[in-house]
Amino acid sequence: MLMKTTAAHAPASQGTSGIVLDSLRVAYHGNVVLKPLSLTIEPGEVLALIGPSGSGKTTVLRAVAGFVQPAGGRILIGDTDVTHLPPYKRGLAMVVQNYALFPHLKVEDNVAFGLRAQKQPKALINERVTQALKTVGMSDYATRYPHQLSGGQQQRVAIARAIAVRPRVLLLDEPLSALDAQIRHNMVEEIARLHRELPELTILYVTHDQTEALTLADKIGIMKDGSLIAHGETRALYHHPPNRFAAEFLGRANILSAIALGITEVPGLVDVSCGGAVIRAFSQGSHHGYNKLLCIRPQHLSLTPRSAYSNRFNATLQSVHWQGDLTHLLCDVAGETVRMVLTHVNPLPRVGDKLALWFEPDDAVLIEV
């Protein structure tokens, strides 16, 4: 019920506010569950925190919401230190996976609940409710009860209730995990549209679903064992992950043994010995002679060169799996298994065929072991 209270009593926002976590630390009964974490979410930004169960991502969100008392560090929303403020004074709203709608109230009354708790004028309440329901595409369902709605519709109502109070910050705690795949896909598109319509809203989105994070977030933070192990702009983090865990958690990745040979004349590219060949790959820094790992996404491999600078691996096809629009190939490259995903392959290669796997230098990333 506290989660309802947060949205209900969040004071109306003026302007935009970001979130700053300054060495935030959380411990339960002396056991540290969140190691000192510093992170800035810019005003109007969508940041997705992802990670496996128990990684600490929900702990971060609950600390920002005010449901968990930090053992150290500070939490700022805008210019206000909210570390020791109760949830209802933080100017935020929260949406959780079980919707938390009042079953005895109509949709319009659920959406109006927070505004009435704020003792807003009736005319303003009606205006905000109408606008919020329109924003989430639920105007025609205003007089229905929650049990008359699908799961996706109930989640839209929960989001409408949250945005109706005009919070500075919106917290989303795995809001789509209880929905089936198709409805979840549609809701991801709806949340993306919502943020386009409300660009001033700062969103912290916690999920274990990489697709949701990649679709919605301006930036992504990856959690593991209570630590933030990677953080950056979504595209950059996907294409150039800093470590193996980030590479494999944020989409499929081929991880191959490699040795850095030295820098090249092209900034950011290094010569690498990998897969029985000397290739060029992207690197965050200058490396020479160190054992490294090479990360290549399956979809970045092709059977034909894309440029005069394309890298090449010689491979033997191990298996072919046709899945409609996509064909998955497993290949042996110098004793290591490499997966590739292709579209419009005709004719299909056969198991045992010798193949050349091509990829661009910037699509191969040197990472730490």
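Glycine too: its Cβ is placed from the backbone N, Cα and C atoms.
Swiss-Prot annotations:
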- Gly51, Pro52, Ser53, Gly54, Ser55, Gly56, Lys57, Thr58: ATP binding site (BINDING)
- 19-250: domain 'ABC transporter' (DOMAIN)
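Here the binding-site residues are Ser53, Ser55, Thr58; the one with the fewest Cβ atoms within 10 Å of its Cβ is Ser53. Here the domain 'ABC transporter' (19-250) returns a mean pLDDT of 93 for the predicted model. Listed in chain order, the extra residues whose Cβ falls within 8 Å of the Cβ center of the ATP site residues Gly51, Pro52, Ser53, Gly54, Ser55, Gly56, Lys57, Thr58 are Thr59, His208, Met223, Lys224. Lys57 (ATP binding site): 28 other CB atoms within 10 A of its CB, across all protein chains. Most Cβ neighbours within 10 Å, among the binding-site residues Gly51, Gly56: Gly51 holds that distinction in the structure as shown. Around the Cβ of Gly54 (ATP binding site), the number of neighbouring Cβ atoms within 10 Å comes to 13.
For Pro52 (ATP binding site), other Cβ atoms within 10 Å of its Cβ number 13.
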